[in-house]
Structures are given as structure tokens and as C-alpha cells.
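Input: a single structure, listed below in C-alpha cells.
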Amino acid sequence: MLFLFFFLLCSLPHVAFSSHCTVETATKTFQKCMNLPTQQASIAWTFHPHNTTLELVFFGSFISPSGWVGWGINPTSPEMTGTRTLIAFPDPNSGQIVLLPYILDPTVKLQKSPLLSRPLDIHLLSSNAAMYGGKLATVHNGATIQIYGTMKLQTNKTKIHLVWNRGLYVQGYSPTIHPTTSTDLSSIATFDVLSGSAAPQHTDLTMLRVIHGTLNAISWGLLLPIGAITARYLRHIQALGPAWFYAHAGVQLFGFVLGTVGFGIGIRLGQLSPGVEYRLHRKLGIAVFCLGALQTLALLFRPNTRNKFRKYWKSYHHFVGYSCVVLGFVNVFQGFEVMGASRSYAKLTYCLGLSTLIGLCIALEVNSWVVFCRKSKEDKMRREGFIATSHKGTSSAIHN
């Protein structure tokens, strides 16, 4: 558990900050600057109180040669939906950087329709974008860009909700959805143009996510399969007696307790991250937890071996148990995707552990079939009388 926890902690993408923000660009000098909490982005600005005009430049970086970078302001709330944004990307025809305005309405989040450029309904006075390095600069992974915007704010309103992000592709002039890691979904901050303070809307929950992922990977992804293996392959060893059952029940119960704690932490993470949704991961987690609870409750209603309902209980127990194990595997890998650790040492470590379990299952399954076939052959020979003499001889020798 500590080994997997260590790799999860070391491999997860932590919140990155630019070392120093800057107030100077090639064309302008601003009054203040600030590092933003995600994507190594920063901003610089000048606010003119006499006419409530804000001049702002956003420093961001591309994550692919055909990607996009954008920032915007949400007039009402700190969330993506409703943001009035400026998005820069290479023109599909000329390759030059273009900057277009977009309004992120609810249909964009649901991906029901492509994102189309349209005029903003805020007082945007001017805007432009420039690559770091001038006109000769090319767009590549990691290339930096500066997006300028001058706008007029409402009187006596100095706090704005800042939203920024970046994506991999642009289809025509329609930017596609950005990555949905926790870092990308946390690119929101409330920013005060007078004081220069910005409070991220999503606190750093990295350690809580690590604990959540570690507990669930160990419980649903390792302990429950080990419990299932114990029941399937050790119950037929007569020398163990009822020990296999206690081992099976103990491992499963311990795994369910750990999984319950991990599930509870996941619920808490959802409460601490408003606007951040992992629908598939959440649905799979709820399904796995419910199946695990049903499997645990089944112990209370376990009929004895001579009860006529015993066969129905066994069918239910096997179906629910194996379903829980399979969905647990799927959701663990889904969790790695959510945490942005799809190519991490943590995932490699888990895959090695899972591969060991699969190899053990294959070996035990082959051994079970060999023992079964050998026993079937001996029973057949015994029925046909081929080994009756030797048994009798052995019996006589024993008696003698």
C-alpha cells in the first residue's frame, strides 16, 4: 500500500506555477502581474479607475501544434458555462494566429453543438494575440502565446471571474473540448483588479486525490480479486478445512472497509470541487460500492449447505462478486485517466500487481483442470474395474 501510495504521489501532475510573472511584453508595460494556479499560466494588467477600463494580457502555452489557447471572463459566476472568452489558434488555411470571440453556453459543455464564434456581449474595446518570438514563431507543443484584451468594467465592480484553458484540436474554426484532468477543470479564479489578489476556486486537493486513488486501487482493484481467488482455488483443498472461508471473508471484508473509506473520500472530493464532474468515474464508483455492499450483506443471509435455496444464493453471490471485481478493474483505470496518471509509474505499478494476479489465476486454473481431468479419469477407470484390483491389494496390505 505504501509502495503504491509513493508512486501515486510522485507521478501525479501537481499544480505548477511559473517562477515569476512579468509586467512587460514586447509592446507594452503593465502595472501588476500574477501567476495563475494551473497550466503555468499568468496574467498582467493595468486598471484605470477613472473610466473603469481594464487592460489585460494572458500568458499561456499550446499543448499541440493544432491546438488552441484561450481566456475569458464570466460576468456572473466562477464557472466555465457563461464565460465570454477569447481563443487563439493557428488559422487552418494560412497557419497564422487568429483570435476569435466565443460565448460558452450550456450546449458547449454538453457537447451538443460545435463552438462557433460570435460577438461578445461585454464591453470589449480591443483584442489581439501574439506568439512569443514574433511573427516568425511557430505553433508547437509548449509554444507560448500572449492574448491581449481591453475592456470596460461595470462601475464599482473590481472583482472578475477569470477562466482559462487550452485544447488539442480545432475543427475548422471551432475549438474542440479541452482535456478533462482535475488540473484543467480547475482553471478558474476570482480576481480583484484593485488589490491584485486571486483566490483559486478549487483548493489543492492533490493529497486527498492520492489517498482516494490509493485506497480504491488497493481495495477494489487488488484485495477483492485476491478474495475471489482465495474462494475459487482454495476451497477444494481438504487439508485447509474451513480456513479458506475465513481467509476469503476476511480479505473481502477488509477490502470493502478500505473501499468504503475511499468511496467516502471521493464523495467529499466532489463536494470540494463544484463544477468538476467525472460522470463515468462517478457512476462506476457508485455501482461498484453498491455491489460490494450487496456482497457483504449476503453473508448475513447465507443459507446452510442443505437448504434448497443454497444454489440460488450461490448464483447470486458469484454474479454480484465477479461483477464487482470487473467493474472495480475498469474504474481503477478510469481513475488513472481522471487523475492524469495514465502514463505514470503508479499505473505501471498497479498493472504489474494486476498482471501477477492474472498470471496466478491462469496457473491455478490450469492446475485445477489438470486435477479435475485426472480425478475424472481415475473415477472412470474405477467404474470400469481397471484399478479395483490395485485398490484391493492396497487395502489388503494396509490391513495386514
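Cβ coordinates come from backbone N, Cα and C, glycine included.
What TrEMBL says about a protein is an automatic prediction, not a curated fact.
Quick look at what TrEMBL lists:
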type	residues	note
SIGNAL	1-18	signal peptide
DOMAIN	39-167	domain 'DOMON'
DOMAIN	174-373	domain 'Cytochrome b561'
TRANSMEM	210-231	transmembrane segment
BINDING	HIS212, HIS248, HIS281, HIS317	heme b binding site
TRANSMEM	243-265	transmembrane segment
TRANSMEM	285-303	transmembrane segment
TRANSMEM	315-333	transmembrane segment
TRANSMEM	353-373	transmembrane segment
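The 10 Å shell around the Cβ of HIS212 (heme b binding site) contains 24 further Cβ atoms across the protein chains shown. Counted as Cβ pairs under 8 Å, contacts with the transmembrane segment (353-373) are highest for 210-231 among 210-231, 243-265, 315-333. For the domain 'DOMON' (39-167), the number of residues in each DSSP class (helix H, G, I; strand E, B; coil) is 7 helix, 63 strand, 59 coil.
Away from its own ends, the transmembrane segment (315-333) comes close to residues 216-217, 220-221, 224-225, 228, 281, 284-285, 287-288, 291-292, 294-295, 298, 347, 350, 354 of its chain (Cβ-Cβ under 8 Å, at least six residues beyond either end).
Spatially close to HIS248 (heme b binding site) yet at least six residues away along the chain are GLY227, THR230, ALA231, LEU234, ARG235, judged by Cβ distances under 8 angstroms. Sequence-distant contacts of the transmembrane segment (243-265) (same chain, six or more residues past either end, CB-CB distance under 8 Å): 208, 211-216, 218-220, 222-224, 226-227, 230-231, 234-235, 237, 285, 288-289, 292-293, 295-296, 299. All protein chains considered, the CB of HIS281 (heme b binding site) has 17 other CB atoms within 10 Å. Counted over all residue pairs in HIS212, HIS248, HIS281, HIS317, the record's binders of heme b, the longest Cα to Cα distance measures 28 angstrom.
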